[in-house]
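S.K.: Grabbed the feature section from TrEMBL, which reads as follows:
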| type | residues | note |
| --- | --- | --- |
| DOMAIN | A:9-121 | domain 'DUF1980' |
| DOMAIN | A:171-302 | domain 'DUF1980' |
| REGION | A:131-167 | region 'Disordered' |
| TRANSMEM | A:7-26 | transmembrane segment |
| TRANSMEM | A:38-58 | transmembrane segment |
| TRANSMEM | A:90-107 | transmembrane segment |
Amino acid sequence: MRFYFQQAVRAFILILFTIYIVKLHYTGDILKLINPKYGTISMIGVVILLILFVTQLHRVFSKHDEHKHNHDHEDHHHDHGYSPLNGRKLVSYFIIVLPLITGFLLPPSTLDASIAAKKGAMLSITNNAMQEQNSGQPQEKEESADENMENEQPIHQNAPDPNLDSNTISMEKYDQIVNQLGEQDSILMSEQVYSTYYEMINKEMDSFVGKEISLKGFVYKEDDFKSNQLVLGRFLITHCVADSSIIGFLSSVEDATELTEDTWVEATGTIYIEEYNGTRMPAINISDYQVIDEPEQPYLYPITIKYK
Amino acid sequence: MLGKIRSTVIDVTGVLIIGLAIYLISISGTIQGGITLPSSIYNMNTIFLSILIEALPFVLVGVLIAGGIQIFITEDHIKRWIPKNRFAAILMSCVVGACFPACECGIVPIVRRLIAKGVPIYAGIGFLLTGPLINPIVILSTYMAFGNDLKVALSRMIIGFIVAVIVAFLISLLFRTNQLKQELKNANHCEHGTAAVGQPVTMKIFHVLTHAVDEFFDMGKYLIIGALLAAFVQTYVSSESLVAIGNGQIASSTIVMMGLAFLLSLCSEADAFIAASFSNLFAPTAILAFLVYGPMIDLKNMMMMLSVFRAKFVFTFVSIVTIVVFVVFILLNQFY
């Protein structure tokens, strides 16, 4: 029986990954990385990691009988961690632990306006507004055709849920949310309904002109904005923050210059139509706003509709 | 007696390792406060970690399946299953890939193991290309992302399948050998690879798991480099400037969308929503090029392929896929 240092290191790395992911779940930081819908899959990953860790422990004090065959380790198909440590392997181990180092040492951040700029926020917003011109026909009844699909399905254009554990809602609830929009004089863009309403307002922008709307968002600006213009934006996360997209409204507010980028604002205003670089888009004339702290859940998630 | 001591020692080591890990983590909190870096670094780190955390479960399932293939499937099985005829083998591999729900990170270790077991390179490639592209989750998410329009989802699958067959065929013309990296060539001499017959089941499972661990460490570093590069691109390269290059012309916008697909390295299950956010700015063919090209090749999975195949092969392969996708969509543009 021998002690194999490298096998111990591998076991150590495996348990660090396990603990790191568990820690993310425990502290809730996982929400800054992935859509909570994928939390279960991530926990399955944790279970696999644990199993691999336990397996790996058995190799730390191996009698090495699984390797008694005298074939040459040098041209073996992959490294079993028994051959001596060299510079190249040190680099490999360093790369493997890199996410652990940055993960434990650097706090996860919330995506901000600089990322929105890189992702082309106004492109995305313009694109959404163009749906009306292109499709002509509003299609908000689309969900009725879905009954034959699976039990659960993501509807990206739908409401994210601030209530993180329940971002799955029933069909009736969804219909209710959709129907409510037309009846309201004052639209409250809560996290749950935000993207559904956003989509609907973009599709039939003319019918929403003059309605009151209140929403939260972070301030985002582009160079070609007028001095009273800004965007109140949100990130919509489908799977993980790497695939986030920006949605939000172009807004005009008198003292826009005083609001710096990344300031979180809770605002009320009326919807009007603005022409931005030749594209008509719904915009908000902000009458009243208030600077707030970043919400506990800054991101929006697509809703999953559950069919009975 | 010795066995008992060994298991006790293993238990103790396990506890020690977990203890050390927890200790390190608890002190990391204090260090955390002492570091200040530009906010773009934090953003990049967050995107980097999110890609990893998202991909990790799929990679883990992939390495488990790869471990299973290593232990339970013999070269004889492969010889029997794969048709002798090259075209039949290519078609079969693409169909099997289409039926096999995988994502682009999880499939690489599986393909590596299959090729090491004697699956011809072109068949492995067919499987690699259709696996992440054609599966129920991808169809569903594409369908949803494009306003519940089946046309985009169907075109994505059909064109993707055609592209995969063409690429696999070209590969079969160009490459005869398995193209695995030098150290992978002797995979089949691995003693527990083929000697699994007759071992007790627990021993087999143990070997599956140890293989999975080795595979995880092998593959993991490439996944991490890929995720890091993709995070860098997302943090520092503006898609708006990329898009500006592509406006107007069909050829240039197709190239730009393919470039975006490559650089962003999105999971095939989530990329449809990003594609949809460009849907009114670009021609449908350019959007479809993004949807077909992304799951086949991107920064992240190219890095992972480099862990399996010779660099020369990977670059030839990437070029072939790029050219085929581009040509197919330029031709298709006549019909849209």
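FYI, residue positions are counted from 1 along the chain as it appears here.
Every residue gets a Cβ built from N, Cα and C, even glycine.
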S.K.: Hey, which bits of the same chain come close to the transmembrane segment (A:90-107), Cβ under 8 Å, at least six residues off its ends?
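M.R.: Distant contacts of the transmembrane segment (A:90-107): 9, 13, 16-17, 20, 29.
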S.K.: For the domain 'DUF1980' (A:9-121), what does DSSP give as the number of helix, strand and coil residues?
M.R.: 80 helix, 1 strand, 32 coil
S.K.: Looking only at the domain 'DUF1980' (A:171-302), how are its residues distributed among DSSP helix, strand and coil?
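M.R.: Final tally across the stretch: 33 helix, 57 strand, 42 coil.
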S.K.: Return the average pLDDT for the domain 'DUF1980' (A:9-121) as a whole number.
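M.R.: When the pLDDT values over the domain 'DUF1980' (A:9-121) are averaged, the result is 80.
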